[in-house]
Amino acid sequence: MRVLIIEDEEKTADYLHRGLSEQGFTVDLARDGIEGLHLALEGDYAVIVLDVMLPGMDGYGVLRALRARKQTPVIMLTARERVEDRIHGLREGADDYLGKPFSFLELVARLQALTRRSSNHEPLQVQVGDLWIDLIARKATRAGQRLELTAKEFSLLSVLARRQGEILSKTAIAELVWDINFDSDANVVEVAIKRLRAKLDGPFDNKLLHTIRGMGYVLESRAG
């Protein structure tokens with residue numbers, strides 16, 4: 001799941017970026033309203049976490065401009081405690097509101113809830129052959145057997161599964177699973193693919209994860 005954080009407080013922004021990444025989310029970060037709006041309009045995000053008090057353009061301005069073009073789910077963060085402020089944000093188009101300070105686990109739960117009830121969210125489950133992936137519960141089974149995956153391995157698998165049959169280059173995988181500025185010359189993608197393949201295909205005769213020499217990787221069932 002790809003999430004955009006628009007937050008100017010360095011400590012909060014870094015904490016959210018690190019925490020959500022460890023939970024398996026793909027996270028982009030903007031530190032002012034103008035940059036945040038640009039990313040929100042140009043990117044394809046499952047959810048946006050938007051602070052109210054931002055330099056350049058405040059959260060309400062970002063939300064109004066975003067809602068003129070897109071309906072990406074938005075959860076707003078604010079230190080303001082007045083009910084009127086929360087009502088204002090919801091009327092501007094926010095889907096949820098969370099006051100600072102907040103519980104990180106509550107934020108994660110709210111992000112997942114927004115994704116579940118969003119009208120344009122991704123499928124709840126993806127099937128590739130005898131592989132089933134539950135994108136909300138973040139678990140995968142093959143032939144009825146649970147695959148024990150790390151958070152990053154699950155993110156990698158879900159990216160490949162949502163684009164099953166499509167060849168993804170190392171650079172594309174790096175941008176989708178890690179960070180848009182990720183150094184694709186490193187062997188991190190190759191190592192991650194190797195580890196995922198061992199868990200996904202190792203015990204089975206029908207292989208799902210294929211290497212296309214000189215192009216990248218593709219997840220698809222070639223049985224039958």
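Note: Cβ is positioned from N, Cα and C throughout, glycine not excepted.
Feature annotation from TrEMBL assigns domain 'Response regulatory' to 2-115. For Asp51, the entry in TrEMBL reads 4-aspartylphosphate. The DNA-binding region feature in TrEMBL is assigned to 123-221. Annotated domain 'OmpR/PhoB-type' per TrEMBL: 123-221, in sequence order.
Residue counts for the DNA-binding region (123-221) under DSSP, split into helix (H, G, I), strand (E, B) and coil, are 34 helix, 24 strand, 41 coil. Secondary structure by DSSP for the domain 'Response regulatory' (2-115): 54 helix, 24 strand, 36 coil.
Applying an 8 A CB threshold to same-chain residues 6+ apart, the list for the residue listed as '4-aspartylphosphate' reads Ile6, Glu7, Asp8, Glu9, Thr12, Gly59, Met76, Leu77, Thr78. Confidence over the domain 'OmpR/PhoB-type' (123-221), given as mean pLDDT on the 0 to 100 scale, stands at 86.
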